[in-house]
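Quick notes on the structure that follows.
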Amino acid sequence: MKFARDTWLIFQRQIQLLLRNPVWVFVGVFQPVMYLLLFAPLLKPALNAPTQAAAYKIFVPGLLVLLAIFGGLFQGFGLIAELRAGVIERSRVTPISRLALLLGRSLRDVVSLLVQAVIITLLALIFDLRVFIGDLLLAYLMLALIALMTSAVSYGVALKVKSEDALAPLMNTVAQPVLLLSGILLPLTFAPGWLQGIANWNPFSWAVDGTRALFAGDLGSDKVWQGLSITAVLAALGVYWAARQFARSVR
Amino acid sequence: MIETRGLRKSFRSRAGRETKTVDAVRGVDLDVAKGEIFGFLGPNGAGKTTTLRMLATLIEPDGGEATIAGADLRKDPAEVRRRIGYVPQGGSTWDESTAREELVLHARMYGINKADAQRRAARALDAFQLTEYADRKCKTYSGGQRRRVEIALGIIHEPKIVFLDEPTTGLDPQSRAHMWDEIRRLRADGMTVFITTHYLDEADALCDRIAIMDNGEVVAEGTPTELKREISGDVVLVGLDLAATPQAAQTLDGEPYVNKLETVDEGGLRLYVDEGATAIPQVLRRLDHAGLELRSIELHRPSLDDVFLTKTGRSLRES
């Protein structure tokens, strides 16, 4: 009960600050929209898709996963600013739940990601993308879990390194191979065997496959439950690890 | 209110490939009574902040024990948190929030309900003369205003003890005087106040009792008056040219009225005597007799800096 209240308290505060500066929505959405408008049209011929809509069914889920990964991984920067301002230290001398300090922030990130995901989906509708609402909601759940994990990990790393200068290259180094090995831009069905072999070890590749299956309306596909389970487990691990960083001493 | 025994903390620092262990705090024993302003005086790097952060549950001690407001620091840090307030050195407010928002949020972090938190925030804003700026963003505040918000944050839940880490560092003289009044007001409200400072005058004027810390250890503890009395007598500062200093030292060393003699690095002598008024004419006579010219002569009542100097061999002003 106390934990839920504490989480809600931090979440409210974070959302309030976010709404005070709504520029973030446009900044966050700008890049994916560029991909949607300037890159996606190349896909129909490249993927040999029968229609533009079919190409979007493959591309949009990948784009959303990309948004969740990157959006989450770079949240640590905000935390470093809070660390520097002494806000985290001030919170840590109160009896507030340490997990709530993390989760309140990560849930804000999840909400802001979902708002962006909805905007992208709506734009894609203009380009004849059609998805069943139930499948779409499950896909959003997958995105929420990914964002929860990546933002929690980013916060945990931020608490460890405590400096933007260290966080930026670290996150880029992680994000780059993760991105390429997840078949986000092009499906890995085109990849040679060795590359697919490596990609099988990339959890995000499973998440992308699962999300694609959902967008394709293939709810019964094994990929759906596999992707959801893997991301759920990873999200739990990420949150657990990051919450421990919040509980430990922070300078 | 605060009782510590053998509190220790060391940090590992890494320089290149070597890891070095730095003993930041090496066994601190303190007894702070209810309702007093207790000062922790020492140079930067003496271990004041580390000790304070241990007492405020922010870092775990490596060893030792502490009881704070009746709660055991090692066994029940959560209970300690409920009973103390802490105002960190580098600030604790968020640029984009207003003072009122910060106060309400902070009160609610202690489990206080929303309506009560709002009432307390309004009361605190009033008490710290912040009502006028209450709904402006913190980034628009002056240094003194911001520090007042931070102190208000530290006591919004009416703790038994409040820890203030260098509360007046970086403030102009006027804001500093204001801050002293605020801190005295906390004591008048029945709170125990624990501050760290590296200002001698602050420790002297504000604190009921002080502990002098150097190199991770408490080297002296008592009321400012007691500590100064420990250094019996007065200090006579003799200003001399560097070249004349050794000869003057030789001349005056062993004079019956000089209890202790130290040379000052930039030239000159520091004489510890029982009675300054009678010592000065004799010093003048002796030096004149030896044909030594002096630049100045000053009589000092012992200051906390002299206490620090006798305990550590260094001046706090220099370190």
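Just so you know, glycine gets a Cβ as well, placed from its N, Cα and C.
As given in TrEMBL:
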DOMAIN    A:23-249  domain 'ABC transmembrane type-2'
TRANSMEM  A:21-43  transmembrane segment
TRANSMEM  A:63-85  transmembrane segment
TRANSMEM  A:106-127  transmembrane segment
TRANSMEM  A:139-158  transmembrane segment
TRANSMEM  A:178-195  transmembrane segment
TRANSMEM  A:224-243  transmembrane segment
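At the 8 Å Cβ cutoff, the transmembrane segment (A:106-127) and the transmembrane segment (A:178-195) share fewer than 3 close pairs (sequence separation 6 or more) and do not count as touching. Two recorded stretches are said to be in contact when at least 3 C-beta pairs lie under 8 angstroms, sequence spacing 6 or more; the transmembrane segment (A:224-243) and the transmembrane segment (A:63-85) fall short of this definition.
In terms of C-beta pairs under 8 Å, the stretch of A:21-43, A:63-85, A:178-195 lying closest in packing to the transmembrane segment (A:139-158) is A:63-85.
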